[in-house]
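According to TrEMBL:
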type	residues	note
DOMAIN	60-297	domain 'Radical SAM core'
BINDING	Cys74, Cys78, Cys81	[4Fe-4S] cluster binding site
BINDING	Phe80, Glu186	S-adenosyl-L-methionine binding site
Amino acid sequence: MPTMMEKLFAKADLADIAVKVASGERLSREDGLRLYRCPDLLLLGYLANIVRERKNADKAFFIYNQHLNYSNICTNLCKFCAFGKERESDQAYEMSIPQIREKIRARLAEPISEIHVVGGIHPDLPYSYYLEMLRAIKEERPGVHIQAFTGVEIAHLAELSGQSVKECLQELQAAGLDSIPGGGAEVFSPRIRQLTCEKKLSGEGWLEVARTAHGLGLRSNATMLYGHIETLEERVDHLLMLRQTQDETGGFLTFIPLAFHPRNTELSTTNPGLSRTSGVEDLRNIAVARLLLDNFDHIKAYWVMIGPKLAQVALSFGADDLDGTIKEELITKMAGGEAEQAMADSELIRLIKEAGRLPVERDTLYEKLTPRA
Ligand code: V47
């Protein structure tokens, strides 16, 4: 006699996918589309949670980190981004190396294990600035892990320095770079890139930087910016390209779905119907990513973009990581993000415990850190 769950999956036409998930079989492109189209969020969550618990049991990770957005001056001016500004804009800024040192020094009393560094594609900061920045951060905070420069920034720095991506990454590594954040991936579809960020490095270019970094032993993250003008097919194809690359290199640490924030973006002016993503959409993207990305160990619910309350719920829909303490992150804020930018580690721990999970403070590479008294 079919069990209650079997009946529910049959009713939602997901019976075959449920069997695949139970046996750990890889899902197809068609399966991914069916999952995205499934109206029953709880069934999606149920399936994603099976994978989440198989990979990470009850653990929910967080990190004590500091974000540093060194400059918002950007030549790409992507239509979904409210952070990037032209040099002439009265909102444009760039931090000098002494200012960066000051930002790091100001938080030396906190047990920060990672500095997350991202900025725009600056038209004229010299290559030496980036090397100096890395060295300065390590001088101010020896031993800290620097996760810096998206694949797009790395490709720009390689060009600026007249080196190959590999040579440039090696030089950045020698100056203090420890891993690469997941930004700049957006949606790999050439159609979406043409419509939203035509000046940006291509999707294939972004993946090539990741492959090169992984070949050097540098780990990196991956993201997808969803909830704007992309189709479900484009989302699934993006996830499958990441899965394919992970099969080749095994170098991705975590996947982070990024919820589009329309305020102050050009995309929202040309598409007035665009609104903030809904909670259902956010959870659905986390669940489908967990199910399709079978070779990724971790899925992050980025609380700055989806809010701490939904990020907490996401721990039952496939996510096993809440990112960290952050404090100041301007990319979401400029686009209308309303979540407080700082979260105490005690608050992250409370959210995780209330979700019935086991809080684990991690370093960037997901090594467990000893709990503090
Ligand atoms: O690449 C830009 C996205 C990214 C908007 O690696 C926007 O752990 C929403 O990648 N609405 C940068 N998103 C941030 C990023 C990130 C964040 C947290 C953790 C990690 C990680 C990476 O932010 C950009 C772009 O995809 N973005 N504008 C916007 N209006």
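Using N, Cα and C of the backbone, Cβ positions are placed for all residues, glycine too.
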Distance, Phe80 (S-adenosyl-L-methionine binding site) to Cys74 ([4Fe-4S] cluster binding site) (CA atoms, angstrom): 13
Pairwise Cα distance for Cys78 ([4Fe-4S] cluster binding site)/Glu186 (S-adenosyl-L-methionine binding site) [Å, integer]: 10
Residues among the binding-site residues Cys78, Cys81, Glu186 that border ligand 1 - Cβ under 6 angstroms, in sequence order: Cys81, Glu186
Chain-mates of Cys74, Cys78, Cys81 with C-beta within 8 Å of site centroid, [4Fe-4S] cluster: Asn76, Leu77, Lys79, Phe80, Phe83, Gly84, Gly120, Cys197, Lys200
PLDDT averaged over every residue in the domain 'Radical SAM core' (60-297): 97
Local Cβ density at Cys74 ([4Fe-4S] cluster binding site) - other Cβ atoms counted within 10 Å: 22
